Amino acid sequence: MIRRAQPWLGTMVEITVAGADLAPDAQQAASQAITQAFAQVALVHRLMSFHDGASDVARLNLAWASETIAVHPHTWQVLHLAQQVADQSDGIFNIACAPRLVDWNCLPAPHPDLPAYRPGVTVLRCEANHMVRKAAPGWVDLGGIAKGYAVDLAIAALREAGVVNACVNAGGDLRAMGEAPWPVAIRDPRALAQAGARVTIRNEALATSANYFTARQHAGHTVSALVDGRDGAPITDGASVSVRAESCAVADALTKVVLASGDCNHPALRAMGASALRL
């Protein structure tokens, strides 16, 4: 077994390639595959960071309404998937909640003029040839989906390099490939040092979201880095939600839908081939 970790996307990303008795040449090949997988994670970090002024996200946030901007195909794909999840969840998942997060000091302001958050307003529209049109004033944040997408890209890189059994874990957003079972301990939101549930994943993804590390007081109210897109209210439920899906990006986004709705049978889960566990 070979395991390596690097800090990306505001968390520690760990990549493990399974194999009890890897020969020296196989170890070298696995190590090279892991390097290629980390390169994909780093690419997502560079393209979709809210903090990096050179990222696609930063360029979109500083664009004028009605302006059209060319973005990297990965950024376009994540924006397109985010819109699909928004549609399936009736607006619960909304990447345009960034002004709320800036107002609560969860994110830095990309510009002094804070735009109003308007539920139901589509800020970005994906167009042909990886072009994105700024349909309305606003800021977007891909923090609720990009980490899962990075995990998916890392798994794809490992598979392309010939790896058979592996797991990528980005701060609780995981995806396993191959037939080997991977045990996962899910943190108990009411006793953080303990496991609230133990599950096994095989050839699938599992993402978990909760506000136990991001909840804070702002102007006398409890806020968090999780936002209900329907009204821009902070998700302050102390629960933890884990979602299984084929894609980690899908699982990552749907955790927010279940947290905000409180519904482990939300129609978006079935529509996107996922299931949920709430602790």
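In case you wondered, yes, glycine gets a Cβ from its N, Cα and C as well.
Residue environment of Gly144 (Mg(2+) binding site) contains 24 other Cβ atoms, counted within 10 Å of its Cβ in all protein chains. Taken from TrEMBL, the feature Mg(2+) binding site covers Gly144, Asp252.
Long-range neighbours of Asp252 (Mg(2+) binding site) (same chain, six or more residues apart, CB within less than 8 Å of its CB): Gly144, Ile145, Lys147, Gly148, Tyr149, Asp173, Ala207, Ser209, Val243. In the three-state DSSP assignment, the secondary structure recorded for Asp252 (Mg(2+) binding site) is helix.
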